[in-house]
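Structure first, commentary second.
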Amino acid sequence: MKFFIPLLLCVLGALAAPELKLSDKFTPELKSVFRSNPASTNNVFVHFEGGTATILESIIATGFPNREERLNTMHTLLVANAETSQRNALSILSDSELYHHSFWINNQLYIRDVDLATILEISRLEEVSGIYLEETAHLIEPVENKNATLSADFEWGIVKIQAPEAWEVIGQKNGEGVRVATIDTGVRVSHEALRNNFLGEYGWFDPSTAEPLPTDRNGHGTHTTGTIAGSNGIGVAPGAKWMACRGCATSACSQSDLTMCGQFVACPTLADGSNPDCSKAPHVVSNSWGGGRGTTWFNPVIDAWVAAGLIPVFSIGNSGPRCNTANSPGDNAKVIGVGSTMESDAISFFSSIGPTTDLRMKPDISAPGSEVNSAYHTADNAYRVLSGTSMAAPHVSGVVALLLTRDSDLTAANVRDLLVRNTDKALVFSGLVCEDVPDSEFPNHVFGSGRLNALKSVQAQTKMLKN
């Protein structure tokens with residue numbers, strides 16, 4: 001009995017213990033983590049009232065004399081906005097050894113391995129609107145990977161979309177004057193098909209390992225960049241200059257690295273992160289990563305790109321062939337989401353299919369993505385056949401570069417119209433119906449507006465320029 005009473009008191013005391021008080025500004029996921037283990041440390045993003053929406057709206061509404069002025073003004077205003085919004089939070093962190101990074105691109109503050117006491121103190125700031133666990137995206141991994149040698153002339157995807165004929169229409173230009181960035185695993189800069197058109201200074205950033213020159217330990221980024229701008233018959237726009245940011249250190253892509261790359265793209269720096277020069281920003285941003293459906297955490301970065309006049313292209317994902325498999329951020333209304341086709345013009349079996357979670361039409365367009373041969377990271381003369389929507393999106397990015405080489409002032413809306421209104425529609429149909437729309441009726445949730453055709457797009461541009 002003498003042991004029972006103390007035990008009972010302990011049990012009653014435990015039952016009466018107050019529940020851990022957490023801020024309403026914590027997301028449910030963050031609350032769950034800290035309730036499970038109050039002593040844990042976590043990587044978080046702190047959001048601030050107002051975000052960047054007002055500034056981006058003013059940038060969109062303002063007529064600028066040139067692209068550089070638009071980019072510089074946006075950068076200046078967003079940097080000042082972040083400094084003001086984040087001042088008190090940064091003051092709290094100033095005496096700690098916690099790694100943190102202030103982002104101006106989305107007005108968010110990243111903190112690594114932060115403890116509960118510190119994040120509770122930050123959450124009490126009036127200007128803090130929410131605190132979120134760091135997300136992880138993934139490469140849209142190829143579903144096939146084969147050894148390859150170069151074709152005698154052009155790879156099948158280049159032929160299928162009639163890129164060489166498009167070059168003729170625009171006076172044998174194939175991307176000159178245009179910069180295209182990839183956010184991926186990096187690029188083997190010494191590869192024979194890519195060594196001659198790397199931008200150089202302001203063309204590379206590596207947030208994960210700080211390599212001073214472009215490298216690639218995976219191959220995915222070298223392959224996608226080759227399809228956009230490689231020579232030797234593998235690239236759609238071999239005259240374009242390529243840039244790259246390693247947003248995916250492995251097959252996993254951390255939110256912090258991707259956001260760092262998103263910021264670099266909007267206003268490039270030297271490889272060490274110094275001396276920003278917004279005039280070096282790419283015209284096109286090609287992305288072959290993603291995951292989940294209806295996720296929104298990368299949307300503020302996309303909003304800034306679009307406000308600045310950059311054109312974002314994303315793979316739609318390899319989660320097909322069922323309806324309702326279109327991935328984020330490819331399902332974002334402001335990006336060009338790309339599905340994959342085979343050489344036969346059938347949809348690739350893996351290509352993700354719409355609609356989006358809010359029932360919008362996706363993908364926007366499809367392009368060659370099955371058994372695509374391009375540069376690889378294992379040697380300066382290595383090539384590899386990969387299959388995936390990761391291989392399809394670069395074809396679209398390359399055609400965007402062809403359109404911009406004739407008219408660098410094309411808006412994102414102009415570019416989208418030239419692409420989606422001039423596709424090939426004599427395709428191989430499976431009979432799949434999503435949201436009552438069969439794959440033979442365009443646009444649809446399988447092919448989008450149809451299969452990419454570079455020649456038809458530049459021919460339509462010719463007519464537009466004459467009017």
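Cβ atoms are placed via backbone N, Cα and C, with glycine included.
Unlike curated records, TrEMBL annotations are generated automatically.
As written in TrEMBL, here are the features:
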ACT_SITE  Asp184  active site, charge relay system
ACT_SITE  His220  active site, charge relay system
ACT_SITE  Ser390  active site, charge relay system
DOMAIN    175-425  domain 'Peptidase S8/S53'
SIGNAL    1-16  signal peptide
Tell me the Cβ contacts of Ser390 (active site, charge relay system) under 8 Å, same chain only and six or more apart in sequence, or just say none.
Leu139, Ile140, Glu141, Pro142, His220, His223, Thr224, Ser288, Ser315, Asn318, Gly369
Check the domain 'Peptidase S8/S53' (175-425) for me and report the mean pLDDT.
97
In sequence order, which same-chain residues at least six apart have a C-beta under 8 angstroms from Asp184 (active site, charge relay system)?
Leu139, His220, Gly221, Thr224, Thr225, Ala244, Arg246, Gly247, Cys248, Asn287, Ser288, Trp289
Around the C-beta of His220 (active site, charge relay system), how many further C-beta atoms are within 10 angstroms, looking at every protein chain?
28
